[in-house]
Amino acid sequence: MCNTVAMNPGIDHTLRGGWTLEGGKLPAHALRWLRTRTGLSEHPTPVAPDSVLVVPEPELGEAARADLVAVVGEEHVLLDRTARLGRAGGLSYVDLLRHRGCGQLAVPDAVVLPADPDEVLAVLKACAEHNVGVVPFGGGTSVVGGVSALRGDKPAVIALDLVRLNRLVSVDPVSRLAVLQAGVRAPEAERLLAAHGFTLGHFPQSFERATIGGFAATRSAGQASSGYGRFEDMVEGLRLATPVGELKLGVAPATAAGPGLKDLVVGSEGAFGVISEVTLRVRRAPTHRRYEGVFLDGWDRGHEAVRDLAQQRVLADVTRLSDAEETEISLALTGGLKSQALTGYLRARRVTDPCLLILGWEANSAAELAARRAATLRVLRAHKPVRLGKVLGEAWRHGRYNGPRQRDALLDAGVCVETLETATHWSQLSTLRSAVRGALLRSLPGAVVMCHVSHAYETGASLYFTVLVPRATEDPIGQWQTAKSAACRAIAPLGTISHHHAVGTDHAPYLPGEVGELGVRVIESVKRELDPTGVLNPGKLLPVPPKG
Ligand SMILES: Cc1cc2nc3c(=O)[nH]c(=O)nc-3n(C[C@H](O)[C@H](O)[C@H](O)COP(=O)(O)OP(=O)(O)OC[C@H]3O[C@@H](n4cnc5c(N)ncnc54)[C@H](O)[C@@H]3O)c2cc1C
């Protein structure tokens, strides 16, 4: 049962428990639609005021505090309730419920704010000496428990917030490389790079808040990954602070000097060290863009079209296929189109099960854009698309970061709303989609389950599911966790447990199934070498601390 409270408009959502206060309202037509489709009866749980949440007294010992103060200064070791609550977990549905008074929050004992890579290194050494756990904290947008302030076997745990590592260190325009500190948030990174005529091209839905270090630590994938690549494709090198010293990687664009250590660090989720700087491959900022909406008839035709585009190497930079449920719902929730008129038009064009495909091209000249667009559309023609021009494409582009705001509003309205994702090979894609849908629907009867492909490769694609169902009043956390476990069990034999959200705590039990016991032992042995006392991000990536 949640500790429900009256709506408090004074709560700062940018600090905790949601995305932002702006635009967090659902339009009346969307609420009406939800009530009809899900049987929702309003059961609001707004973000709880600080005062009703249980925040234990900080347990950081005086000697540890004094050593941390000696490194970063008194004003950068925060013990107050607001600062600690602001770093108590990430933005999964369960984290958000906890900030709404359901269940127990894991609150760090202190928040420590180093200023540069040397201070990060010194903080880690001090924490190892005093046996204090360290949770690296970037934008705090993890949806898999990655920033939960778990102590493991440690007497205390700090959140190491990288917000002060906010500089563009250097740009090499000849090689098209930029060095950014780990705490730079994505919009600021784009602003800093734009001054040099460059872009990173990394636009995940968490763009507004997530950081360069967080992207590297989680192998993030942006919405334009078909064009610009995943974040790991952008990483040329990095600096990793560990309790036993600093690892510096990336002297050349490619190397045969042994196995890829960079790949060990990218995706290590703060369990091997703290990424303090990243050297990134940058591109010339595009001067021309075109986003379009296309309808395809049914999921099978839709995903075959995306496979064809991928295998003939003519994917648009953004290639995003929604299944029929997601198409219906996104049109209903945005209210952007007169649905009946559209349905009639599509029927007349023999599209009875419309699946929306968003295509977006970004280029440095009109000719380049025209040539790439023509190549995509030539291949698409065989799949009988109904093209609707720029309206839907541009609407998607302008609303591409609205999801988190809508989620806050849905939570306020009493909806259980969460997403999960996976990836697999083309030959398994439809089987995997059906298995996950089935598992979710069996656990959450009456739920709306929608799915899209947003990252396509020659050999396979990602699947991203969104679930909407009225929230259970008695045990809302259990309601979702049961469904999520069922979905993970369905995913395990068919695909990866995460395509881009990472492992965190939530997926850790499924890692051995994916990489094998030997794979887990390799990860454990790397951790032991870099973090011998096990202070780094307890309980993440690996479910239990390695022995010995
Ligand atoms: C609404 C929403 C939409 C999202 N959309 C996408 C999407 O489109 N694509 C996508 O890939 N992800 C998405 N995510 C997930 C999330 O944004 C990514 O995992 C992101 O990469 C995390 O960045 P962050 O800076 O917020 O990291 P945090 O959440 O702060 O941390 C994530 C993990 O990395 C560790 N970490 C953070 N910084 C460092 C560092 N400098 N060194 C070592 N470890 C570190 C943390 O301890 C934690 O384990 C979404 C999340 C939300 C809430």
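Using the three backbone atoms N, Cα and C, a Cβ is placed for every residue, glycine included.
Curation plays no part in TrEMBL annotations; they are all automatic predictions.
According to TrEMBL, the protein has these features:
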- Y464: active site, proton donor/acceptor (ACT_SITE)
- P136, F137, G138, G139, G140, T141, S142, E269, G270, A271, F272, G273, V274, I275: FAD binding site (BINDING)
- R407: substrate binding site (BINDING)
- 104-285: domain 'FAD-binding PCMH-type' (DOMAIN)
- R320: site 'Important for enzyme activity' (SITE)
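Local packing around the Cβ, expressed as the count of other Cβ atoms within 10 angstroms, is greatest for G138 among the binding-site residues G138, G140, G270. Checked against ligand 1, the recorded positions P136, G140, F272, Y464 give P136, G140 in sequence order as having a Cβ less than 6 Å away from one of its atoms. Site extent for FAD: among the recorded binding residues P136, F137, G138, G139, G140, T141, S142, E269, G270, A271, F272, G273, V274, I275, the largest C-alpha separation is 20 Å. Residue pair P136 (FAD binding site) / R320 (site 'Important for enzyme activity') shows a Cα separation of 32 Å. Residue environment of V274 (FAD binding site) contains 30 other Cβ atoms, counted within 10 Å of its Cβ in all protein chains. If you take the C-beta of F272 (FAD binding site) and look for same-chain residues 6 or more apart in sequence within under 8 angstroms, you find L240, T242, L264, V265, V526, K527, L530, D531, L536. With a cut-off of 8 Å between CB atoms and residues at least 6 apart in sequence, the same chain places T419, L420, E421, C451, H452, V453, S454 near Y464 (active site, proton donor/acceptor), listed in sequence order. The Cα of R407 (substrate binding site) lies closest to that of S142, out of the recorded positions S142, G270, R320. In this structure, R407 (substrate binding site) is part of a helix by DSSP. When the binding-site residues G140, G270, V274 are ranked by how far their Cα is from the Cα of R320 (site 'Important for enzyme activity'), G140 comes first.
Non-local contacts of S142 (FAD binding site) by the CB criterion (under 8 A, 6+ apart in sequence, same chain) comprise G90, L91, S92, G214, T218, H501, A502, G504. Around the residue listed as 'substrate binding site', a 10 Å sphere centred on its CB holds 21 further CB atoms from the protein chains shown.
Within the model, the domain 'FAD-binding PCMH-type' (104-285) shows a mean pLDDT value of 97, rounded to a whole number.
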